[in-house]
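J.: Structure in structure tokens, see below.
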């Protein structure tokens, strides 16, 4: 509701013409206006419609906590008279603004970066030139004073002054008042409206301004701004002058002939003490190249230049006297090379952006040169894509896939990169995005995007979230995938191998974060496999190699190809010649779990329980359970809570046992990764570890011996120790970490001692009886050693 002041309410009530209960038609009193039986009674009225009681069951009002319709006052006009009075009409007021405060907000709160002042002022100059060019089509007299359409920037670093001159349309006195004296009135927007009204809007779409506050960005760096302008429609030149933190400005006629310009505008900025660094010619040149390089008019900056020349050097008097004595020596004038300095205008920008040209007219060398120059790269890109999008959103773009990943500064977990440069009408807006144009996993893609109608905030620094941005993002992502797919289908396989080495992790991250593009990401993935340990294969190649009866895509996650190849989980699959993908990158397992399937083939982890290899024999399984059921129960009783159950395995052929994880818990590889996390939550580790199933191979000799021990004596200590050691060995071979490595080592040493006892030791020596008679020396037997012949000598 509207919050009305006391004065506004009184004014509204006065307009009813009713008599007040207390004799005053405009008296405003609290709601508790009459008392009955010692209690305050209340009547509720709207301050917008008088004389009508608002029905409400509540007759008491706590003034401390209640605000009705935004005010605490009501009319006391008599009800009997209000019914005959005309309806009240509120007075209309214009919003007022404290100009100095508004200017302070525009200058100090609107822009986040001071250096954009030059971008805004150059854009204004470009708009003035565009207006002149358009109007001169029908009125050629506008160009008679100066035919060159350009922008010139001159600096005085000693005094901290920047001067920007354009030969555009200029302004009359009234236009100075309207455009510079009225905040948030855009002359460009007004001009475009006039074009639209005259049905010629399509004749000029290069005008940049739209908000009417860009000029005031000059006060980001300047204490005082002086604008001298000459319109071809007027024979007088006017000067506008304003200061920062001031609520007024001055306009006067410029009568000094030395300051006259043929046509256009000269903007002079007197910089603040802390911002005089902007007056250096090199910095101005850098800002122009960064923000306004592709403005459609030439921009010249005043630069110091130099050329070399030879000058004579004065001879040393001692050497001159020596030369006079030696008349035979030919005299040569001594010279030296010096650099002669001078100042001149230098073209700073390129007037034709490469993305506005026809792709058929741009060579690969041109694309590569633009890439190296724009992104400071020294290697040529792997691929590029130049396209134009029309329809709901119109924009032009050039995208590149770099040859190598950036080191250090562009981490995969950081979505903020400076790889996409956004232009609006060829003016650089920003390269600091947080996932608005590209998702995080495609942050390595570099390029430029230029559009005429992007939703920007007033400072033109932030891209607002909107439906247009979402459509643009969707199309950019699609083009990026088309470009990457082109690399993968290239005849030169090394190109995609290079791409995968640098950016493979990014695409795997896309499997986790972008479910909508799974179908585009999956064909680009590459993995090692049990049948291709040296060269990565795609999922398409895996599907092509699948057996006719194979229904699923098998994989195992491990820390290396070697450990994956030697795991006991592979034994039966290798016998059946079933290919298994090796997921050796930490992110691989999560990426595959998010994909879930590919071409209607489910991904199956061979380390999880209930593995189906398509060769189930129910009769055989039933017999096995009957024969080894007692053994399974005995082993489960010994291991206790360490395992959820003990089962007969269908995946082993040469190993005695293996430890598999439950369907919905972490695998051994995932458990290892989560334990290694710096900020890992150990409480969730116990929960997500899930159940472990101990599977035994009934055809292995160790299991057969343990079965015999179970049937003969289940309390045999050696047999029980063997079960414990068997579990610990399965724990390690299955990829888990032993809970007590020292205890496991002790068990292994004990078993080794038993196995190696007396195997290589010498036979015991014969003990001779010792003489019992004292004084009689013991007889010693000497050993006869035969001489050995070496090289013919003994």
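Here the Cβ of each residue, glycine as well, is placed from N, Cα and C on the backbone.
Not my notes, these are from TrEMBL:
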DOMAIN    113-275  domain 'Histidine kinase/HSP90-like ATPase'
BINDING   120, 124, 166, 171, 186, 187, 210, 211, 212, 213, 214, 215, 265, 460  ATP binding site
REGION    311-333  region 'Disordered'
COMPBIAS  318-330  compositional bias 'Basic and acidic residues'
J.: Within 10 Å of each Cβ, count the other Cβ atoms and name the one among the binding-site residues 120, 166 with the highest count.
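T.: Within the set of binding-site residues, the most crowded position is 166.
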J.: Around the Cβ of residue 214 (ATP binding site), how many other Cβ atoms lie within 10 Å? Please give the count over every shown protein chain.
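T.: Here the count is 25.
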J.: Express the predicted model's confidence over the domain 'Histidine kinase/HSP90-like ATPase' (113-275) as a mean pLDDT, rounded to an integer.
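T.: Computed over the domain 'Histidine kinase/HSP90-like ATPase' (113-275), the mean pLDDT is 82 on the 0 to 100 scale.
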J.: Other than its own, how many Cβ atoms are within 10 Å of the Cβ belonging to residue 265 (ATP binding site)?
T.: 24
